[in-house]
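Q: Below are the structure tokens for one structure; questions will follow.
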Amino acid sequence: MDSTTNSDSPILDPNPEDVEKLLDESEEESEDQSTERLLPSELFILPLNKRPFFPGMAAPILIESGPYYEVLKVLAKSSQKYIGLVLTKKENADILKVSFNQLHKTGVAARILRIMPIEGGSAQVLLSIEERIRIIEPIKDKYLKARVSYHADNKELTEELKAYSISIVSVIKDLLKLNPLFKEELQIFLGHSDFTEPGKLADFSVALTTATREELQEVLETTNMHDRIDKALILLKKELDLSRLQSSINQKIEATITKSQKEFFLKEQLKTIKKELGLEKEDRAIDIEKFSERLRKRHVPDYAMEVIQDEIEKLQTLETSSAEYTVCRNYLDWLTIIPWGIQSKEYHDLKKAEIVLNKDHYGLDEIKQRILELISVGKLSKGLKGSIICLVGPPGVGKTSIGRSIAKVLHRKFFRFSVGGMRDEAEIKGHRRTYIGAMPGKMVQALKQSQAMNPVIMIDEVDKIGASYHGDPASALLEVLDPEQNKDFLDHYLDVRVDLSNVLFILTANVLDTIPDPLLDRMEILRLSGYILEEKLQIAKKYLVPKARKEIGLTASEVNFQPEALKYMINNYAREAGVRTLNGNIKKVLRKVALKIVQNQEKPKSKKITFKISSKNLQTYLGKPIFSSDRFYESTPVGVATGLAWTSLGGATLYIESVQVSSLKTDMHLTGQAGEVMKESSQIAWTYLHSALHRYAPGYTFFPKSQVHIHIPEGATPKDGPSAGITMVTSLLSLLLETPVVNNLGMTGEITLTGRVLGVGGIREKLIAARRSRLNILIFPEDNRRDYEELPAYLKTGLKIHFVSHYDDVLKVAFPKLK
């Protein structure tokens, strides 16, 4: 429908007197030309924007107040009730400003049947479309009046047109089945037409379609009956295909919706029927029954039972659809799922425990001894109270697996979580229930998962715990790990005291330096040192190779590691303190072997092959060795001394190099990423040697006019600690005397300004590093004699140890020829 929206148009003047004058002139001219003619030769033209109309149609259009409305009112009162309807060339053109150049030449003549005014000054105009017209020439642009010619269809019905008509009628019938809305338009058409006129049938069928305005205008302009009905049939079939597709889509959607609605209604009816018959309870009753059933299997303390009963009473008053109901139900779910009073039954069998520990781990005698002590205490005291053990050692030495083994030998449930990088105390103590998505902390979650009040809880990477504005998790752990407090542990979410005193806590860390002292004070520290070559070799043979072979699907008959291959792998590819890299290299070799076996099996005539991994062919699987030697010098030069260090990754050798260059004054310079403590050690060593030189080297002057440069190789690696004190003095003395230190000597110890040698830590790790670097003469502080004596015999084999309490003792070992 088209309408006029602007009554102030400069082109059309809405003056009714002018319109009547022009209308009179038009009637006179029309009567002069032909008194018998029913349709006028001159018509006012009304532009159409959307779609053209076709003869034989009844068309209602909406006209807003303005020039066209005035023209239509005058025409309706006159004897000439006809107006021309012509489509604009461009869609959505401003019809008040349209000229004849912007209109198509072909349109229709319409008779005004009725004008029905409506609110707002507009009107609904009912038109009867009579004939096709063609604009011959405009008469006056101001009112878009034109001289027109008419086209009457040839009513001769040929066989071909009859066939076309039958096809169109058939398609219309199919359309009526798919879209019942077409029935009303069909009845209007049949009121003043019939299907025996092909032209009218074509026009009607095209009007039913949703074709584009250009396609419809093309049919309107086609006067040849055969061409017109052919185009009409094409558009009608397109409409049929579109209607079928639309109907198919609607059926699918309706089927889905109907099915869902049907299922919903049936379920609701079934639920209602079951409730009426007492066969099914409502959601609230089901929840309460579930909570009550849990409580019957638990020994809930009175203070907790009181809270649970209050919450159940509150739940009974809430609507199941409310948010508060969900919060209350979740809270009760957590309160009732905690295993109140339930404990795992322990087995205190020392022999069986020892077998399990030896089966799972090689070495680690101190750790195994502590576990056996734990079991013995539990057996004598008729129950094992909670303990807090912290396993400290480099990565890959088996800290986490030891925790699993402890749970296994005690027959307790095991729960592990890592606090590395944790910055929110709510992870430990839970969130307040006022927060959306609130939940208890890890401790309560551990109890829920283990369903016992005495599980083994492993807290990994406790040395890497963080802190933020959300709180300090390390401080939250203080309550958890304090035996005097954790029996009344209070989780923020539960807000009910929970007894953690029967939980065995096992913590792991690489270093102790970053653990807060109050937290460290609550733990029993057990150190796991790195492994030496012999230990790694046994671990690889007994544990790593069989396990990796099983994982990859190989057997011992298909691949075999020779001992020298494993030794070569340990020395040249996996020198870390643990065995993680070694395990990765073993799997890498086995994967390559698996590939070769499968490739061989796919050959037409394949034979079974056994792969023997030796030190000679190991490089074909792992590539070039990563490490060459831990020793920088096979023969120690002047000014160099070998120290022993201890890091979070295990023990290591530390070389101290000293050289002197000419300078105006005597001075010392230290490089090699040394920390503050090590810088102080170098100053102490420098000062001590200066003060004691007259005793060690009478007649020598202390580096006259020289600058001494002390360097610690591997400058990219930060180093710190006091244990290199005697090594620095030895390096400086070697430089001053121009005498090399005895070969294969390693040392560690802190020195004071008076020459006293103090004890240091990490004796086992340093001993392992010395063995790895083939140092067989070692100097340890006298204060560390006890630490050395506690080490297993296989670590001491082949080593000559000197214990010293003063640097005078170091001098005798490092420079045996010096008197």
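Cβ from N, Cα, C; glycine included.
For 1-36, the entry in Swiss-Prot reads region 'Disordered'. The domain 'Lon N-terminal' annotation in Swiss-Prot covers 43-240 and is backed by sequence analysis. Residues or ranges marked as ATP binding site by Swiss-Prot on the basis of sequence analysis: Gly393, Pro394, Pro395, Gly396, Val397, Gly398, Lys399, Thr400. Annotated domain 'Lon proteolytic' per Swiss-Prot: 635-817, in sequence order. Here Swiss-Prot flags Ser723, Lys766 as active site, drawing on sequence analysis.
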Q: Where does the mean pLDDT land for the domain 'Lon N-terminal' (43-240)?
A: 82
Q: Distance check, please: Cα of Lys399 (ATP binding site) against Cα of Ser723 (active site), rounded to an integer number of angstrom.
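A: About 27 Å separate the Cα atoms of these two residues.
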Q: Just going by other Cβ atoms within 10 Å, which of the binding-site residues Gly396, Gly398 has the emptiest spot?
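A: Comparing Cβ neighbour counts within 10 Å for the binding-site residues Gly396, Gly398 gives Gly396.
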Q: Other than Gly393, Pro394, Pro395, Gly396, Val397, Gly398, Lys399, Thr400, which residues of the same chain sit close to ATP? List them in sequence order, counting a residue when its Cβ is within 8 Å of the Cβ centroid of the site.
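A: What remains near the Cβ centre is Leu391, Thr508, Leu528, Ala577, Gly578, Arg580.
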Q: Fewest other CB within 10 angstroms, which one of the recorded positions Thr400, Ser723?
A: Thr400
Q: Just jot down the residues in the same chain as Gly393 (ATP binding site), at least 6 apart in sequence, with C-beta under 8 A of its C-beta; none if empty.
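A: Non-local contacts for Gly393 (ATP binding site): Lys399, Asn510, Arg527, Leu528, Ser529, Gly530, Ala577, Gly578.
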Q: Given Val397 (ATP binding site) and Lys766 (active site), what distance in Å do their CA atoms have, once rounded to a whole number?
A: 16
Q: Round to the nearest Å and give the CA-to-CA distance linking Thr400 (ATP binding site) with Lys766 (active site).
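A: Rounded to the nearest whole number, the Cα-Cα distance is 23 Å.
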